[in-house]
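The next block holds one structure in the form of structure tokens; read it before the comments.
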Amino acid sequence: LPHPTNLLSSSVLLCRIADVQGAEEPDLYHGCLEGSCYPATGNLLIGRTQNLSTTSTCGLEEPQEYCIVSHLQDSEKCFICDSRSASFRESHHIENVIYLTGQDGEQTWWQSENGVEQVSIRLDLEAEFHFTHLIMKFKTFRPAAMLIERSSDFGQSWKVYRYFAFNCSKLFPAVPTQIPTHVNQAMCDERYSEIEPSSYGEVIFKVLDPAVKVEDPYSQEIQDLLRVTNLRVNFTKLHTLGDNLLDSRYQVLQKYYYAVYEMVLRGSCFCYGHASECAPFTGSATPVEGMIHGQCVCKHHTKGLNCEFCKNFYQDLPWSPAEVHDPHACKECNCNEHSHRCHFDIAVYLATGNSSGGVCDECQHNTMGRHCQSCKPFFYRNPLADIRAKTACVPCDCDPAGSSDGGVCDSHTDTTLGMIAGQCRCKENVKGVRCDSCKGGFYSLSLNDPLGCQPCRCDPRGIITDSSPCDQITGDCYCKRFVTGQSCDQCLPEYWGLSYDVAGCRSCACDFGGAYDNSKKHWKDYGTMFLLLTLHFYLQPDVEVVQREHTGHMITWTGPGFARVRDGAGLSFHIDNIPYPMEYVILFRYEPEVGRNCWREDGWAFDRQSPDLIFSTSSLRMGSSTSPKARKTKHLVPVTSPDWIWQHYPGTCIFAFIRVVFPLKISSSLYPTQLVLLPHVTELPGFHGDDPASVERREALEHYTCLELFRMATMPDLPEACAHLLCSISSLIHDGALPCQCDLQGSTSSVCHKLGGQCQCKPNVMGRQCDQCIPGTYGFGPYGCSFCLSRWSGPVAFMVWRQ
């Protein structure tokens with residue numbers, strides 16, 4: 001688009017340029033016509049004393065004498081210039097060129113130093129201005145040569161407007177003297193550089209010379225020609241009478257200098273036709289009457305120092321300077337009252353045929369789009385609300401698990417596309433208005449399932465055929481009477497033969513007199529439990545090895561056997577492998593001496609012959625930190641204390657207590673077999689708290705009596721729930737699963753049982769890692785162990801061993 005200028009006002013001013021006396025007065029012809037606006041014009045020097053400077057002023061350092069050529073015949077022809085203070089009557093500072101007279105009505109002027117030829121006067125403006133013409137009235141000779149320069153980038157670069165010289169071919173030989181054919185061409189003008197008159201001579205410069213034809217007064221070239229931020233007048237040569245060539249005395253130069261009565265830089269603030277007036281800058285000094293200010297008071301929804309931008313919410317059209325018949329006003333964006341911010345996008349503007357380019361930013365009220373005209377994903381157009389209402393978009397009511405794209409609904413109604421505002425789009429295996437139910441034959445509605453629900457996995461032989469195959473939540477199939485399993489693919493215990501029969505399975509019907517059991521059970525010896533902590537203990541004095549005959553009972557100790565600890569003797573336990581700092585339950589397993597009955601008839605307490613246990617806490621340590629209760633004290637703990645937890649195995653008495661106190665002295669003879677540390681499971685993460693998962697785990701511990709099973713010396717097959725919890729507890733305590741560590745020579749495989757870690761031993765080899773010969777054998781090697789040459793018969797002596 002074209003870039004117009006305020007040339008209409010400039011042309012009017014140029015017609016009035018001959019009126020020099022009134023040239024410093026602001027022009028009253030301004031305002032807005034059909035399109036472009038024109039601010040008032042005036043002398044840009046007024047009010048800018050601090051912005052006006054020169055390279056030479058007489059009498060700045062000390063009073064300086066000067067003479068006037070026109071007074072050479074008079075008695076008073078030489079005078080004093082004293083510019084050390086602007087208040088001095090003899091001062092001739094540069095600010096004197098702004099007005100013809102001073103405050104007292106006396107005539108004032110600026111004057112350079114005597115004999116200095118290279119002198120410049122410079123005006124620095126605070127913003128871009130339109131500059132139309134310059135008028136200079138001289139007190140003495142006009143310069144023999146001078147030039148006028150402009151800058152539109154605050155002094156970074158300069159361009160010459162016009163050269164002036166009494167002999168252009170000599171002083172500016174490379175500059176043409178003929179009238180230019182183009183407004184942007186510089187020329188040398190000889191009209192204003194003659195030696196006459198010696199006083200009151202003028203130099204007049206018009207930016208747009210009437211002699212130069214202007215094809216388009218609104219072109220970018222004219223725009224650049226008129227726009228200035230700095231102006232500079234350079235005087236390069238003085239007129240002399242020739243006596244300076246014959247006499248080199250300083251007194252000869254006293255009559256040669258530059259002196260200017262008045263200087264007018266006519267112009268206006270530059271607003272691209274979008275302002276009819278300009279205001280002072282915020283924080284500037286008190287404005288001077290007649291001053292042309294530089295802050296445009298913008299119209300047409302523009303902003304900026306020179307109205308060079310559109311306002312924030314008026315970005316629907318590109319910014320453009322005003323023209324005579326078209327203001328090119330900035331257009332407000334249409335955001336349907338859902339945003340107050342937008343930006344101009346040239347691509348959108350071109351795509352709309354140059355009619356609209358505004359794009360709304362930060363749409364509110366769940367809207368989006370170029371005009372905030374659409375609803376965001378997961379919202380749809382409310383048919384009962386106006387598009388400008390805050391409730392124009394309401395949330396979709398779709399189950400994200402069963403809907404496509406996480407719950408996105410149709411954002412609006414479009415019958416051609418089959419869209420209905422708010423309608424949910426269900427996944428393939430999902431149904432319902434909200435897409436919140438599985439279709440028949442499917443279950444487990446899931447957000448991560450691309451089809452929404454999984455097909456029921458039911459054995460057709462075991463399900464009831466006159467109902468839905470499975471539960472839509474759990475996927476459990478609806479089984480026949482004697483069928484079980486999530487997929488109804490197993491018979492209940494004591495039933496067999498899954499088929500299409502009405503009942504599904506048939507009873508085993510084993511004869512109770514001829515069969516051991518009505519179902520087959522698998523018994524496994526897990527050895528050392530995965531959960532328990534292995535400890536070392538040492539025998540104290542008065543401890544002896546015993547011989548015991550095989551009793552036929554299941555072995556309840558670890559290692560080859562145990563030793564007799566007599567009355568008053570003691571055991572010292574050394575614990576150095578506690579992997580997790582917490583409170584533990586201690587299980588001390590032992591057998592009483594033969595012939596002593598450790599159980600009352602109710603099975604829950606020791607009789608009066610049971611031993612007392614004395615524990616010393618002088619070096620108690622839990623985990624990696626020393627207990628604050630560790631003091632050198634001893635405690636006598638009778639075995640009939642209600643704090644003990646009792647369990648009974650054939651031939652073995654087990655008790656547990658909560659505080660770890662060592663060492664241990666015994667008041668009655670017994671056979672110790674093992675010391676075990678059991679963690680307080682309910683204190684572990686995942687077992688305490690009120691969250692459903694923790695509650696479910698605690699309920700499982702109680703329902704399946706897992707803790708009681710964990711305490712048994714010979715662990716039976718664990719329920720699946722207990723086995724799962726055991727693995728979880730062990731992982732917490734040991735920071736993951738433990739390696740099998742099966743001995744390469746003593747075991748048949750490197751794989752051990754997942755619960756307890758018992759390896760598969762070769763013949764006559766024992767131990768969890770299969771690394772020892774059983775009693776009565778020797779020669780541990782690749783083929784196991786061999787029996788001793790002399791086979792024992794009768795009682796077998798078991799040696800105590802450290803574990």
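Backbone N, Cα and C define each Cβ position, glycine as well.
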(request) Can you sort out which of CYS307, CYS310 is the disulfide partner TrEMBL gives for CYS298? (result) CYS307
(request) Scan CYS740, CYS770 and flag the one TrEMBL records as disulfide-linked to CYS752. (result) CYS740
(message) Please give me the disulfide-bonded residues out of CYS307, CYS372, CYS435, CYS488, CYS491 that lie within 10 Å of CYS752 (disulfide bond), comparing Cα atoms only.
(response) none
(request) Write out how many residues of the domain 'Laminin EGF-like' (269-332) are helix, how many strand and how many coil, based on DSSP. (result) 0 helix, 9 strand, 55 coil
(request) Determine the Cβ neighbour count for CYS742 (disulfide bond): the number of other Cβ atoms within 10 Å of its Cβ. (result) 22
(request) Tell me the Cβ neighbour count for CYS761 (disulfide bond), meaning other Cβ atoms within 10 Å of its Cβ, over all protein chains shown. (result) 23
(request) Mind giving me a neighbour count for CYS307 (disulfide bond)? Other Cβ atoms within 10 Å of its Cβ, every protein chain shown. (result) 27
(request) State the three-class DSSP label for CYS491 (disulfide bond), counting H, G and I as helix, E and B as strand, and everything else as coil. (result) strand
(request) Looking only at C-alpha atoms, tell me how far CYS770 (disulfide bond) is from CYS435 (disulfide bond), rounded to the nearest Å. (result) 59
(message) Within the domain 'Laminin IV type B' (514-734), what mean pLDDT does the predicted structure show?
(response) 56
